[in-house]
């Protein structure tokens, strides 16, 4: 539930400001904003390299999740699921571009919402009711229903750092910031804040509660990443399981195409075009290079995901935080610079 405020924090704090600046400077990526702000190519290059390094882990995690889902749902090998998922994502993101990403995000969000509600109802029913599910969890391990969690992992320090990382920390993430550039008008962003916050609240509560209560239904499951797809196969009728397995798949695909497009834009626009600005006039060649770059990135990420860890959340959080030192450092440096400027003016 920590992530509920992310929509109104991102759109509310960055939304209007980023949209105004993006239209003023003709910016389409976060690094374009940095170039307009600092007029320093070194800053853009450092930011671009930082972004690409972080995205290796972030995209690989999503590929692993998609492959795990297909592995469980279709009963195929992990490697086969990875090939199917990776090739599909790489192709539609490469040739569809940003518009395809936005349309897919909208449709996938609807599937995620319905699938989450159906799964939660199915898990509670399979566990014999909410009260019986809690009793079963307490019988397995009393810590499972305690505020500190199993192994006392949920310490105040852990929760505070997690809140920073996945709540207001997402404000400066490139694939979040680029969404603030793309909306149509103020009315759209206000509507997006309301709808987005409601949807995120349902998704966060539903999925986390289904996963926690699912332990009562699947006490012997040892791989955390297989919990949701295994629950769907167990508690739902076959037709519903097949239909709503698209819910977690939709979440994964939505993340992957956003990351891939951002990484491709970083390579083509922020690195290649910044080194050769004259080539921006070659529109057809630029489009071809962008498509090829996205496709190659998808293939490389598929190879990076070939040998996955048992629990992908840690790799995801590591990649999630990789951009923080740069974005927070940029904010701190800007604040220090402003103070020094004001002091110099006062002294004069």
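All residue numbers here begin at 1 and follow the chain in the order shown.
Each residue, glycine too, has its Cβ placed from N, Cα and C.
Quick look at what TrEMBL lists:
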- 6-22: transmembrane segment (TRANSMEM)
- 42-64: transmembrane segment (TRANSMEM)
- 76-98: transmembrane segment (TRANSMEM)
- 110-133: transmembrane segment (TRANSMEM)
- 153-173: transmembrane segment (TRANSMEM)
- 193-218: transmembrane segment (TRANSMEM)
- 238-256: transmembrane segment (TRANSMEM)
- 289-306: transmembrane segment (TRANSMEM)
- 312-333: transmembrane segment (TRANSMEM)
Residues from the same chain, set at least six apart from the ends of the transmembrane segment (289-306), whose C-beta lies under 8 A from its own: 56, 59-61, 63-64, 67, 79, 82-83, 86-87, 89-91, 93-95, 97, 260-261, 263-265, 267-268, 272
Seg_contact(the transmembrane segment (193-218), the transmembrane segment (110-133)) with at least 3 CB pairs under 8 angstroms, min sep 6: yes
When counting Cβ pairs under 8 Å to the transmembrane segment (6-22), the leader among 42-64, 76-98, 153-173: 153-173
